[in-house]
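Colleague: Here you go, one structure.
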Ligand SMILES: Nc1ncnc2c1ncn2[C@@H]1O[C@H](COP(=O)(O)OP(=O)(O)OP(=O)(O)O)[C@@H](O)[C@H]1O
Ligand SMILES: C[C@H](N)[C@H](N)CCCCCC(=O)O
Ligand SMILES: [Mg+2]
């Protein structure tokens with residue numbers, strides 16, 4: 001039985017890391033951010049550990065820690081290295097499930113020739129697509145869905161992040177023919193306790209089990 005889930009999004013900054021923290025906390029899963037671009041501020045792994053309440057042994061180390069917060073292909077060039085996409089092999093997660101977060105949106109380049117979506121296609125894991133609820137998200141979401149479908153990547157569903165927008169959420173799910181998994185509201189302040197409580201109210205763990 002597959003126990004690994006990819007968390008991707010319609011864009012950078014949509015809330016994949018916060019969602020991943022909530023999901024890993026809800027499932028008791030491990031977390032992996034294969035390629036981290038940007039080290040000056042809290043990394044995604046550090047954020048998931050803090051907000052998801054994960055012990056350090058549940059965080060799989062990144063394969064690439066690139067200094068510059070930019071597209072990984074460029075951030076790697078600045079660091080004088082090249083992402084070897086052949087090394088992006090799925091780690092064994094042992095007894096626990098594994099939440100894997102991409103970087104930015106689907107068509108983010110890891111190298112001049114390889115997009116993250118190409119890696120998702122190779123992995124053939126189910127994908128949760130994180131999306132905003134505000135104006136502009138319908139286009140971003142339907143484009144992302146189309147790209148995933150074209151590569152026959154299984155979409156578990158859409159996880160919305162932001163304030164309720166019933167018309168937009170239903171338009172995306174109906175026109176994109178994808179499941180509405182839930183909506184994580186915007187939490188201010190954003191704390192581990194508030195996230196974990198809100199996540200339990202927003203999502204159902206059975207949607208992410210027995211994949
Ligand atoms: N539900 C939420 N409530 C409050 N703040 C949030 C929420 N989701 C995300 N944020 C904030 O929005 C910003 C972007 O979120 P996040 O880092 O999760 O995005 P991302 O999609 O993982 O970005 P990246 O592409 O860089 O990995 C962060 O400052 C985060 O704290
Ligand atoms: C730096 C940022 N936080 C992410 N890690 C990488 C986002 C890459 C976005 C590339 C793009 O779509 O222009
Ligand atoms: Mg992130």
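Sequential numbering from 1, following the chain as shown.
For all residues, glycine too, the Cβ spot is worked out from N, Cα and C.
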Colleague: In TrEMBL, the Mg(2+) site includes 17, 44. Which of 86, 95, 101 does it also list there?
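Modeller: Of 86, 95, 101, 101 joins 17, 44 in the Mg(2+) site that TrEMBL records.
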Colleague: Determine the most Cβ-crowded residue among the binding-site residues 13, 102, 104, using a 10 Å radius around each Cβ and all protein chains in the structure.
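Modeller: Compared across 13, 102, 104, the most Cβ atoms within 10 Å surround 102.
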Colleague: Between residue 44 (ATP binding site) and residue 33 (active site), how many Å separate their Cα atoms?
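Modeller: Rounded to a whole number, the Cα-Cα distance is 7 Å.
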Colleague: May I ask which residues of the same chain, at least 6 positions away in sequence, place their Cβ under 8 angstroms from the Cβ of residue 15 (ATP binding site)?
Modeller: 9, 130, 132, 161, 162, 184
Colleague: Which binding-site residues from the set 13, 15, 17, 102, 104 come near ligand 3, judged by a Cβ under 6 Å from any of its atoms?
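Modeller: Checked binding-site residues vs ligand 3; flagged 17.
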Colleague: Using other CB atoms within 10 angstroms as the count, which residue among the binding-site residues 44, 101 scores least?
Modeller: 44
Colleague: How many other Cβ atoms are found within 10 Å of the Cβ atom of residue 17 (ATP binding site), counting all protein chains shown?
Modeller: 24
